[in-house]
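Quick notes on the structure that follows.
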Amino acid sequence: MFYGFDIGGTKIALGVFDSTRRLQWEKRVPTPHTSYSAFLDAVCELVAEADLRFGVKGAVGIGIPGMPETEDGTLYAANVPAASGKPLRADLSARLERDVRLDNDANCFALSEAWDDEFTQYPLVMGLILGTGVGGGLVLNGKPITGQSYITGEFGHMRLPVDALTLMGFDFPLRRCGCGQMGCIENYLSGRGFAWLYQHYYHQSLQAPEIIALWEQGDKQAHAHVERYLDLLAVCLGNILTIVDPCLLVIGGGLSNFTAITTQLSERLPRHLLPVARVPRIERARHGDAGGMRGAAFLHLTD
């Protein structure tokens, strides 16, 4: 059995998957913030419960936001302060007496989708998350590409390209990102960025779901906004796809529920790609909230 943990600032979610990659059991508990030992106990207790339930010693994989293992072997995860700065992988491996694998949660999302029965035919899969932020991951031949700093797929921290400024106007404000840089595309293409763009052009403060509801009702202002957003997304993706050249692009995060993104993006991309480039197949993520657990469990399928 394969145990996949999706760990975030508020919850620890465990999913148990069988050899056919089907979910057999899941459980969620709050993420402890009081101490590192309490955090370790929470993970180990879930593993012990799963071992007892299934009568096996399951393989453990963990997806967590941040850098799973820095040069000195410690975790960097600002959203999980009880474990950040600690040698999480080594400590869990010792306590659980088994190999524990860690990766960035966005890489786990991409891995989950790449191992979907419908998508395993594609050798190079790009996962793109359009949610609270913008991120993603790359999977080549069923294995995540992590890089030495675990930042492969941090697409949200690419800067706005020149074509974006041509589209939006050269007086378009370059916003300072939480990473400290100016003009990161996350500030415009995330769910919050989607809402910020609307406020910038129309001086109305609405959340993304409210704007999308107006679009569905045929509101002309919302329609113009969505057209502008999709054009900006295509411009930014043009740079990324030219570098990555994936066979499949899977889009997740809250904005992936907006069907216009997956249905209208393909037609906008060719003018931002090389003439010989092929537009990848574009699909909405299949596994929703279970994607993080799936991808973490499947870290043991990448040998």
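Using N, Cα and C of the backbone, Cβ positions are placed for all residues, glycine too.
Per Swiss-Prot, these features apply:
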type	residues	note
BINDING	4-11, 133-140	ATP binding site
BINDING	HIS157, CYS177, CYS179, CYS184	Zn(2+) binding site
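Annotated features taken from Swiss-Prot, shown on the structure.
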{"residue": "GLY4", "record": "ATP binding site", "CB count, 10 Å": "32"}
{"residue": "ASP6", "record": "ATP binding site", "CB count, 10 Å": "29"}
{"residue": "THR10", "record": "ATP binding site", "CB count, 10 Å": "11"}
{"residue": "GLY133", "record": "ATP binding site", "CB count, 10 Å": "23"}
{"residue": "GLY135", "record": "ATP binding site", "CB count, 10 Å": "27"}
{"residue": "GLY137", "record": "ATP binding site", "CB count, 10 Å": "31"}
{"residue": "VAL139", "record": "ATP binding site", "CB count, 10 Å": "30"}
{"residue": "HIS157", "record": "Zn(2+) binding site", "CB count, 10 Å": "19"}
{"residue": "CYS179", "record": "Zn(2+) binding site", "CB count, 10 Å": "11"}
{"residue": "CYS184", "record": "Zn(2+) binding site", "CB count, 10 Å": "26"}
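Sequence-distant neighbours of CYS177 (Zn(2+) binding site) (same chain, 6+ apart, CB under 8 A from its CB) are HIS157, GLY183, CYS184, GLU186, ASN187.
GLY8 (ATP binding site): 16 other CB atoms within 10 A of its CB, across all protein chains. Using the Cβ center of HIS157, CYS177, CYS179, CYS184 for Zn(2+), the list of other same-chain residues with Cβ within 8 Å runs, in sequence order, GLY156, GLY178, GLY180, GLN181, GLU186, ASN187.
The binding-site residues shown are GLY4, ASP6, THR10, GLY133, GLY137; of these, the one with its CA atom nearest the CA of CYS179 (Zn(2+) binding site) is GLY133. In the three-state DSSP scheme, GLY8 (ATP binding site) is classed as coil.
In the three-state DSSP scheme, GLY137 (ATP binding site) is classed as strand.
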